[in-house]
Amino acid sequence: MLIIETLPLLRQQIRRLRMEGKRVALVPTMGNLHDGHMKLVDEAKARADVVVVSIFVNPMQFDRPEDLARYPRTLQEDCEKLNKRKVDLVFAPSVKEIYPNGTETHTYVDVPGLSTMLEGASRPGHFRGVSTIVSKLFNLVQPDIACFGEKDFQQLALIRKMVADMGFDIEIVGVPIMRAKDGLALSSRNGYLTAEQRKIAPGLYKVLSSIADKLQAGERDLDEIITIAGQELNEKGFRADDIQIRDADTLLEVSENSKRAVILVAAWLGDARLIDNKIVELV
């Protein structure tokens, strides 16, 4: 497995792979890898000849400096996991390598609408940072496909739109959420939970599933469903942050024409902001 930290060396390797006619898959990550990331890697390996994993804690997508400062950096352990998975290339640049003049004056990519709605409304600048770094990685790696987890549902929708709008010739693959046996969606942020909070955490998925059951049973008073769900989360020890029921294909309000709904839930548990989602067929 090759570990590359600079843009010139990355470009050199990508040129070689292209000359050899290899099909390249990219898995963008911020490191602190868990089994959910490994599922992305496995999907990439099944679809391509060469797998490139990027590990970069992107300062542009953090709306709170304290979150950036405490985000776990576990590069050595991450590389050991990826080596066992027989990943071909790890791109692990420094912030200086990606943003040589800092983030404030760096050119950015913004996806109107999707960047500022829902999760974007409570995290100003977050999705602009995501679309900027992902587009830069697409330009550098020039992958045939790129794999992203469906846990970050809005992020995946944003990347799909960016790819369509910008004309990137890249297949975007959404990989289903990987869960612990108790239902908790795997996330790097789960590492912020205390042992006691970890016992409470599966309650998020239980509330999510309860909302899904109501929708599948034909209930359509969305405001009431959301209010009750928020109360249930708070009773379980969470601090409900945002609960939305949206059209799964547009992320707009559910209408009588909606065929699928996506339930998006975000809640604080101690210092960890946990998110999850579930798609429900409405027809």
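Don't overthink the numbers, they just go from 1 along the chain as shown.
Glycine too: its Cβ is placed from the backbone N, Cα and C atoms.
Marked as ATP binding site by Swiss-Prot: 30-37, 149-152, 186-189. Taken from Swiss-Prot, the feature active site, proton donor applies to His37, supported by sequence analysis. The beta-alanine binding site annotation in Swiss-Prot covers Gln61, and the record cites sequence analysis as its basis. The feature (R)-pantoate binding site is assigned by Swiss-Prot to Gln61, Gln155.
Annotated features taken from Swiss-Prot, shown on the structure.
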residue: Met30; record: ATP binding site; contacts (Cβ under 8 Å, 6+ apart): Ile55, Phe56, Val57, Asn58, Tyr71, Ser188
residue: Asn32; record: ATP binding site; contacts (Cβ under 8 Å, 6+ apart): Tyr71, Pro72, Arg73, Thr74, Asp78, Ser188, Gly191
residue: His34; record: ATP binding site; contacts (Cβ under 8 Å, 6+ apart): Leu186, Ser187, Ser188, Asn190
residue: Gly36; record: ATP binding site; contacts (Cβ under 8 Å, 6+ apart): Gly149, Lys151, Ile177, Met178, Ala185, Leu186, Ser187
residue: His37; record: active site, proton donor; contacts (Cβ under 8 Å, 6+ apart): Val27, Thr29
residue: Gln155; record: (R)-pantoate binding site; contacts (Cβ under 8 Å, 6+ apart): Phe127, Val130, Phe148
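A C-beta separation below 8 Å, combined with a sequence spacing of at least six in one chain, links Gln61 (beta-alanine binding site) to Gly125, His126, Phe127, Arg128, Gly129, Val130, Ile133. When other Cβ atoms within 10 Å of the Cβ of Leu186 (ATP binding site) are tallied across all protein chains shown, the result is 18. Between the candidate binding-site residues, Gly149, Lys151, Ser188, the densest Cβ environment within 10 Å is the one around Gly149.
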